[in-house]
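Enquirer: Just passing along the structure, written as structure tokens.
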Amino acid sequence: MSAKKPMALVILDGYGHRETQADNAITNANTPVLDGLMANQPNTLISASGMDVGLPDGQMGNSEVGHTNIGAGRVVYQDLTRITKAISDGEFQQNETLVNAIDKAVKAGKAVHIMGLMSPGGVHSHEDHIYAAVEMAAARGAEKIYLHCFLDGRDTPPRSAENSLKNFQELFAKLGKGRIASLVGRYYAMDRDNNWERVQKAYDLMTEAKAEFTFATAVEGLEAAYAREENDEFVQATEIKAEGEESAAIVDGDAVIFMNYRADRARQITRTFVPSFDGFTRNVFPAIDFVMLTQYAADIPLLCAFAPASLENTYGEWLSKEGKTQLRISETEKYAHVTFFFNGGIEDEFEGEERQLVASPKVATYDLQPEMSAPELTEKLVAAIKSGKYDAIVCNFPNCDMVGHTGVYDATVKAVESLDECIGKVVEAIKEVDGQLLITADHGNAEMMIDPETGGVHTAHTNLPVPLIYVGSKAIEFKEGGKLSDLAPTMLALTDTAIPAEMSGEVLFK
């Protein structure tokens with residue numbers, strides 16, 4: 001069998017691009033190899049943060065998200081951005097599970113109940129999503145829309161719910177129908193440690209309107225809780241019902257939509273609506289259509305609006321199906337990233353996939369050994385390139401990120417310089433076997449060592465772009481405006497391999 005000419009992807013973890021020279025461990029390092037590549041080889045900048053990698057706008061990238069996007073060949077949206085995007089492009093409003101539950105209740109003259117963490121925190125839920133759900137129910141003809149508000153105070157300031165409640169009161173006034181039906185702190189409604197006596201308070205509040213307190217408006221109920229020295233998180237079960245209004249308890253035939261997207265604190269309260277539940281004795285158990293926004297657990301037999309997105313035909317899986325061989329190689333610190341995360345959350349190797357792990361050095365902090373295990377990793381990588389065994393190789397060098405996180409500037413400069421030497425050897429090996437190489441990063445870090453806002457040490461990732469450099473015999477010209485999810489289709493195109501339909505990323509050369 002003839003020797004294979006590998007397509008290698010080298011990810012310099014934490015190697016971002018920043019024009020400013022000040023406090024930039026990358027531009028201030030002595031890097032003749034990388035400088036030469038930038039001067040003489042096709043190169044461009046690609047995005048590694050925010051919506052381009054499925055994160056909220058402006059949010060810095062991270063290694064897990066970065067490698068998932070690279071391996072998937074498509075933008076992988078986190079639940080928050082996935083739902084936000086679905087709302088903005090109309091997919092949410094057309095969601096079959098939500099539409100059916102609402103329409104069934106409307107047809108029967110029943111209520112649509114919407115429950116969830118009423119918060120702009122964006123950790124477990126987002127109030128913008130709840131707002132959209134209320135508007136959707138109204139648009140589909142629901143007359144009775146009842147909002148059961150779980151109050152935050154953990155991912156938001158301890159007493160910050162008033163603004164959210166006022167916004168919803170205004171929305172209902174504008175719609176001319178629906179109302180806030182109940183308030184309770186997340187301490188009760190979102191317990192995750194089997195404190196069922198807490199969860200029961202929230203369940204009884206929603207199914208029986210059983211409450212310690214009743215007030216005519218949500219803001220009055222909240223003010224009373226504050227007067228009792230209860231912060232948002234700990235607000236006791238409070239029914240919101242003005243004189244003459246009918247009860248907003250959940251009854252047979254109603255639809256209930258739970259708008260939290262994060263599973264861990266949504267599971268317990270959701271399980272109370274499952275027939276087989278035995279955590280406490282339920283006084284009433286209404287026959288309803290209950291919709292989870294996302295899947296909170298595979299064993300909860302309730303409707304789900306947004307099923308987990310499974311990543312079919314990632315780069316690794318596709319190469320395997322095409323009968324190709326591949327190697328994943330890194331140090332301990334980033335080994336999971338080039339394997340588990342790169343494979344879309346799959347632990348096992350695909351057929352034809354091999355893995356090599358180089359132990360990261362045993363030092364207290366990596367500024368003490370900025371080269372980490374790069375020399376040994378390079379030796380193994382060069383041997384793999386020359387072995388003729390692999391069609392594709394994915395390697396991560398952790399230095400810029402791991403040393404960058406220490407905040408020690410001089411050590412981070414040394415880390416960059418040690419990598420430059422390593423890249424020189426990798427390029428040489430690729431040229432020797434007539435292979436191809438892409439050098440990039442999953443996110444930035446080392447290019448900003450001092451926070452320009454505070455003047456303090458900057459140890460976090462950045463939201464800056466990352467370089468992409470091509471080494472190989474093809475005369476290519478890169479397009480502008482790429483992102484991490486474009487790398488897999490680009491590598492497949494460079495090796496004249498078919499690109500699976502699931503990969504919505506673009507080929508980055510003209």
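The backbone N, Cα and C atoms fix where each Cβ goes, and this holds for glycine too.
Feature table excerpt (Swiss-Prot):
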BINDING   ASP13, SER63, ASP442, HIS443  Mn(2+) 2 binding site
ACT_SITE  SER63  active site, phosphoserine intermediate
BINDING   HIS124, ARG154, ASP155, ARG186, ARG192, ARG262, ALA263, ASP264, ARG265, LYS334  substrate binding site
BINDING   ASP401, HIS405, HIS461  Mn(2+) 1 binding site
Enquirer: So which binding-site residues are near HIS443 (Mn(2+) 2 binding site), with CA atoms within 10 Å, out of ASP155, ARG192, ALA263, ARG265, HIS405?
Expert: none
Enquirer: If you measure HIS461 (Mn(2+) 1 binding site) to SER63 (Mn(2+) 2 binding site) at Cα, how many Å is it?
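Expert: Cα of HIS461 (Mn(2+) 1 binding site) to Cα of SER63 (Mn(2+) 2 binding site) measures 9 Å after rounding.
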Enquirer: When DSSP states are folded down to helix, strand and coil, where does HIS405 (Mn(2+) 1 binding site) land?
Expert: coil
Enquirer: Does ASP13 (Mn(2+) 2 binding site) have same-chain partners at least 6 apart in sequence with Cβ under 8 Å from its own Cβ, and which are they?
Expert: SER63, LYS334, HIS337, ASN396, PHE397, PRO398, ASN399, CYS400, ASP401, MET402, ALA441, ASP442, HIS443, ASN445
Enquirer: Which chain-mates of ALA263 (substrate binding site) that are at least 6 residues away have a CB under 8 A from its CB, listed by sequence?
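Expert: Listed in sequence order: THR294, GLN295, TYR296, ALA297.
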Enquirer: Would you identify which of the binding-site residues HIS124, ARG265, HIS405, HIS443, HIS461 has the most other C-beta atoms lying within 10 angstroms of its C-beta?
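Expert: The most densely surrounded of these binding-site residues is HIS443.
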Enquirer: Which one is it, among the binding-site residues HIS124, ASP155, ARG192, that lies nearest to HIS405 (Mn(2+) 1 binding site) by Cα separation?
Expert: ASP155
Enquirer: When neighbour density is defined as the number of other C-beta atoms within 10 angstroms of a residue's C-beta, which of the binding-site residues ASP155, ASP401, ASP442 has the lowest density?
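Expert: Per-residue Cβ counts within 10 Å for the binding-site residues ASP155, ASP401, ASP442 bottom out at ASP155.
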Enquirer: What are the other residues, in sequence order, whose C-beta lies within 8 angstroms of the center of the C-beta atoms of ASP401, HIS405, HIS461 at the Mn(2+) 1 site?
Expert: ASP13, GLY14, SER63, CYS400, MET402, GLY404, HIS443, ASN445, ALA446, THR459, ALA460
Enquirer: What other residues of the same chain, not counting ASP13, SER63, ASP442, HIS443, have a CB atom within 8 A of the CB centroid of the Mn(2+) 2 site?
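Expert: After dropping the recorded site residues, what remains is ILE11, GLY14, ALA48, GLY61, ASN62, GLY66, HIS67, LYS334, HIS337, ASN396, ASP401, ALA441, ASN445, HIS461.
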Enquirer: Can you count the other CB atoms that lie within 10 A of the CB of ARG192 (substrate binding site)?
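Expert: A count of 13.
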Enquirer: Using DSSP, would you call ASP13 (Mn(2+) 2 binding site) helix, strand or coil?
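Expert: Where ASP13 (Mn(2+) 2 binding site) sits, the three-state DSSP reduction gives coil.
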